[in-house]
């Protein structure tokens, strides 16, 4: 009886002691981390106070711990990247911090705390950008997600401020990148309802627009500016041009860019170009004419690829070949929706057609205007002064020159007449003076003779 009684009373005590020795294993917590980044593995105390703890690897090697007011650390060679947040211990939090994550860090870590075991599963993933995060306009970017073989294709989603959202599992590609796609992309990897976000900085190098068009009247200067975000890139450039009436394209100018300085290598003399020596690339034609109207391609060759920019030049010319005809002509690439309009200034359109050449017969004298418009937008306009009927430009020029010549002849005759009159006046004055002197001399001689005769008597 005594021995039975003793056993019945000792059994609860033995179970109580055994419960203190047993370590309770709980469910695993999953933590995601990106290669090269940091990860924080949680371990919380229910008492919310400082306590002894130990972090161990899956093979039971001690990484670090705290016991009897002493900090315990494992092999420095193996765990130099591992640490904890000591200022959180007083609050009952004992996290394991792993810096500069490696793919081989993916494993199960065990936190022993208050006679309990907390298992934390760390999944480290690697993101590969092909061909990189600095690309040329029009190129494609492929993002590949590598993770632990045990993980089956975790989904990834990337967002950009341009409202681009790309979703896929393990890998995705973005095609025909634009300059607007440059900037910070926020990507999120999801696994077992756990999410890890990281930023991707993407730089897309290229032109601000895929094509530019200049609308100019004949005789005006045309300027083409090519804003680029190339940084310190070096390149070779060429502008090839095909005039509207030319059978084929030709090289207009070749140049190079090195250390932010532009150097012209070869250029045509007709038209004559002016190229800026610094960025942004600026190309100027001092005087355009109908023969230059057309389109071309600016090609920039860089180490990482080739960039293209379409360039268009539309030229307008308004002429009055004779007194009975007014002509407006446009050459260069225009939209089928564009319309040519001829009208007198501040009046209704006389002619309005979707053609490149329009005419007005017997135009009234005054200021005439030719406009090239697309819808409500006027792309360009040019003005001309129309002379009265029967007085064309040649006649007007002849009249002006004749009048000028007549004026010069009249002025010359007036000057000659004035000089002659002056000469005559001077000659008359001189003759008058001579007569006066002669008169005075005769008077003196007569007086002398009379005095001499008187003396003889």
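Numbers here mean position along the shown chain, with the first residue as 1.
Glycine residues also receive a Cβ, built from the backbone N, Cα and C atoms like all the rest.
Positions annotated as topological domain 'Extracellular' by Swiss-Prot: 28-394. Under the heading N-linked glycosylation site, Swiss-Prot lists 186, 297, 392. Taken from Swiss-Prot, the feature domain 'Ig-like C2-type 2' covers 207-316. According to Swiss-Prot, the domain 'Ig-like C2-type 3' annotation covers 317-374. Residues annotated as transmembrane segment in Swiss-Prot, with sequence analysis given as evidence: 395-417. Feature annotation from Swiss-Prot assigns S-palmitoyl cysteine to 418, 421; the stated evidence is similarity to another entry. According to Swiss-Prot, the phosphoserine annotation covers 432, 439, on the basis of similarity to another entry.
Where Swiss-Prot records a feature, it is marked here on the structure.
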residue	record	DSSP (3 states)
186	N-linked glycosylation site	strand
297	N-linked glycosylation site	strand
418	S-palmitoyl cysteine	helix
432	phosphoserine	helix
439	phosphoserine	helix
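Long-range Cβ contacts of the transmembrane segment (395-417) within its own chain (Cβ-Cβ under 8 Å, at least 6 residues beyond either end) map to 387. The shortest Cα-Cα distance from residue 418 (S-palmitoyl cysteine) to any of the recorded positions (186, 297, 432, 439) is found for 432. Assigned with DSSP, the residues of the domain 'Ig-like C2-type 2' (207-316) fall into helix, strand and coil as follows: 3 helix, 68 strand, 39 coil. Assigned with DSSP, the residues of the domain 'Ig-like C2-type 3' (317-374) fall into helix, strand and coil as follows: 0 helix, 39 strand, 19 coil.
In this structure the C-alpha atoms belonging to residue 421 (S-palmitoyl cysteine) and residue 439 (phosphoserine) are separated by 27 Å. Mean pLDDT, taken over the domain 'Ig-like C2-type 3' (317-374), works out to 93 on the 0 to 100 scale. Sequence-distant neighbours of residue 186 (N-linked glycosylation site): residues of the same chain at least 6 apart with a C-beta under 8 Å from its C-beta are 158, 159, 160, 197, 198, 199, 200. Most other Cβ atoms within 10 A: among the recorded positions 297, 432, 439, that distinction falls to 297.
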